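Taken verbatim from TrEMBL:
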TRANSMEM  12-28  transmembrane segment
TRANSMEM  40-60  transmembrane segment
TRANSMEM  111-131  transmembrane segment
TRANSMEM  151-169  transmembrane segment
TRANSMEM  176-196  transmembrane segment
TRANSMEM  208-226  transmembrane segment
TRANSMEM  238-260  transmembrane segment
TRANSMEM  266-290  transmembrane segment
């Protein structure tokens with residue numbers, strides 16, 4: 001839930017930026033001799049970046065580092081992390097363990113992280129880069145794409161993320177199911193856009209494209225598996241790097257999926273996004289199966305050793321505090 005609430009900040013910032021740019025653009029349009037729109041936008045974003053950068057410097061940090069938590073709150077935060085069996089910052093470790101690096105690349109989940117993130121980021125990169133062109137192809141003016149396209153799109157995504165966060169909070173191991181279900185309307189919307197005639201109703205096509213909001217969920221939820229399913233300080237760092245590289249590569253390549261020659265319908269790019277949603281669905285189903293299979297395998301080993309569920313839970317926490325990876329810690333249970 002906390003991760004999804006944090007994830008809504010991206011959509012929230014897009015709403016603030018979009019409305020601000022709309023206002024700046026509208027002012028520049030009415031006052032052609034005044035400050036150019038691009039200059040006003042640059043001043044706004046630059047000032048906002050500097051202000052938020054200063055705030056982040058004083059606010060962010062690990063539970064033991066931040067100043068705005070009391071000692072009791074710091075202990076509670078550490079205890080919550082300990083319960084996840086992924087290790088805490090209590091021991092203040094800073095050493096880099098090469099054996100955990102090799103362990104990272106021997107772990108199947110690393111490759112699930114990498115390839116699923118790339119597959120997810122491809123349509124995300126395309127939508128992020130060319131959403132304005134797609135809105136414009138429906139008949140909106142450049143300024144209207146901000147007010148009638150981006151703003152309701154991101155507002156709906158905030159509502160969607162919060163609903164999913166509430167559901168997954170109440171239903172453990174429901175994350176993959178929600179991600180897979182979310183891809184269905186996204187796929188449906190993309191396929192409908194590719195099949196609808198170019199002269200069809202503007203708002204019908206608007207509604208079909210708005211369904212991409214649901215498909216944006218996996219891109220955020222994939223990151224929630226990093227803190228909950230990867231243990232070992234060095235391994236977590238390397239896995240996060242792999243995940244970030246996959247995200248960047250996917251978005252960079254995805255930006256090339258829509259080409260000017262396909263305007264105004266962009267059928268090839270839209271169809272490619274729909275196909276990628278199908279591939280992503282199958283990859284997620286395989287990833288979920290792997291976690292379930294691995295948990296069953298570990299449970300059998302623990303039962304064969306005559307270890308109770310309570311004792312296994314305790315040993316899992318002890319092993320995590322000694323900086324064991326999730327692969328080394330047989331008592332670690334994957335969340336899905």
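Easy rule for this one: first residue shown is 1, then count along the chain.
Quick reminder: no glycine exception, Cβ is built from N, Cα and C everywhere.
TrEMBL annotations: computationally assigned, not manually curated.
Beyond its flanks by at least six residues, the transmembrane segment (111-131) meets 145, 149-150, 153, 186, 190, 212, 215-216, 218-219, 222, 225-226, 239, 242-243, 245-255, 257-258, 266, 269, 272-273, 276-277, 279-280, 283-284, 286-287, 290 of its own chain at Cβ-Cβ distances under 8 Å. Residues 3-4, 7, 113, 116-117, 120-121, 123-124, 127, 134-135, 138, 152-153, 156-157, 160-161, 164, 175, 178-179, 182-190, 192-193, 196, 236, 239-240, 243, 247, 277, 280, 284, 335 of the same chain lie 6 or more positions beyond the ends of the transmembrane segment (208-226) yet place their CB under 8 Å from a CB of it. Highest Cβ contact count with the transmembrane segment (176-196) among the listed stretches 12-28, 40-60, 151-169, 238-260, 266-290 falls to 266-290 (criterion: pairs under 8 Å).
Counting same-chain residues at least six beyond the ends of the transmembrane segment (151-169), those with a Cβ under 8 angstroms from any Cβ of the stretch are 1, 3-5, 7-8, 11-12, 14-15, 18-19, 131, 175, 178, 182, 210, 212-214, 216-217, 220-221. Here the transmembrane segment (12-28) has Cβ contacts under 8 Å with residues 34-37, 40-41, 44-45, 142-143, 146-147, 150-151, 154-155, 158 of the same chain, all six or more residues outside its ends.
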